[in-house]
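Visitor: This is the structure, below, for whatever I ask next.
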Ligand SMILES: N[C@@H](CCOP(=O)(O)O)C(=O)O
């Protein structure tokens, strides 16, 4: 498998370099040179396989022999050791619950796979890896958990001060050991900008052996394709996937899955007030701007990283992207009302991100009432006690023990100004 940068299609790298370097030096994003189609043998059996077996076959087809089959199988099975169930609300509404992993968010799929792949790629090196990651809420906790105590790695997490939920903050600040949290006085966009700038600084990237665990890293998207296969195979007719979106890695993963042959009814991108992609889909004008804080904070992204990959997949053809993807945006008032509506209508407790998805599903169903939607529930509602308690009361949610136990943990973070130079200086002072 070879990959190219979206900014220079002619320079190809192998999978290992793409994963470990994460961001090409020309500030593009890595894309597979070819995306193989799954063969008839796969489609003849995919509905009968267990999740891990199906996942192994998809990943093995995509990676085209980058590692021995047994090693790949061990990584996939060990990383994806929790389910992704589809819950039926009614004929038109289904929820794909992606919060059954250790940190209760869909990011566990990507982070756990990536941690194992990176350990495999780096196994013969004596230079430790520094995993740099920007988070608006969920990525940080998932990456911290996946890499905690992994020998030869340390994780540096940048998160926007005061803009993640209290429990999300504990997930990324309380582990200690090889995990360090930098609390940035700014927005997620500032964190993402600082991270990218550190990668593009050759001296810093080399001295620290930097690698990224954000969705700029192609290895994050591979496992994120798998739950779409898992959900789609439960329906006779391809469903409409409704994807709460921030950095658009999740939606890009679905696009890759469709390029391998997965059939979908349609793709719906759901955002909060940070709506640069829905705006683009309706106007063809892409105007990234500073993010605003919302109650669906993990989607508070003003300049989505994966937009470059989306453009690449559609050959820079706005019309075909707009035909394949419909975008809808909703504000916090609507999101709060949707949390109530889903509870009253279906008896289901949905988190603020899933609630944005529900609103988009409703918007789609108004025009296409006979469609079947699958709304991605990207995180467990218990991760957002502040909002959920305000809306449904403290008794509405059962808090899983792996989250409840964090409440008394001590937050340990290093405050930092939202300046690229501040991160570079910190990394220079702490090279490993
Ligand atoms: N929604 C994310 C923001 C980072 O996005 P990523 O998919 O690039 O890791 C979060 O929860 O941190």
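Placed from the backbone N, Cα and C atoms, the Cβ positions cover glycine too.
The domain 'Threonine synthase N-terminal' annotation in TrEMBL covers 4-79. As annotated by TrEMBL, domain 'Tryptophan synthase beta chain-like PALP' applies to 96-375. Among the features that TrEMBL reports, N6-(pyridoxal phosphate)lysine is placed at 107.
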Visitor: In DSSP terms, helix, strand or coil for the residue listed as 'N6-(pyridoxal phosphate)lysine'?
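Guide: Looking at the DSSP assignment, the residue listed as 'N6-(pyridoxal phosphate)lysine' belongs to a helix.
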Visitor: Restricting to the same chain and to sequence separations of six or more, state which residues have a Cβ under 8 Å from that of residue 107 (N6-(pyridoxal phosphate)lysine).
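Guide: Residue 107 (N6-(pyridoxal phosphate)lysine) has long-range Cβ partners 138, 139, 141, 142, 143.
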Visitor: Please spell out the DSSP helix, strand and coil residue counts for the domain 'Threonine synthase N-terminal' (4-79).
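Guide: Tallied per class, the domain 'Threonine synthase N-terminal' (4-79) gives 37 helix, 12 strand, 27 coil.
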Visitor: Can you give me the average pLDDT across the domain 'Threonine synthase N-terminal' (4-79), rounded to a whole number?
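Guide: Average per-residue pLDDT within the domain 'Threonine synthase N-terminal' (4-79): 96.
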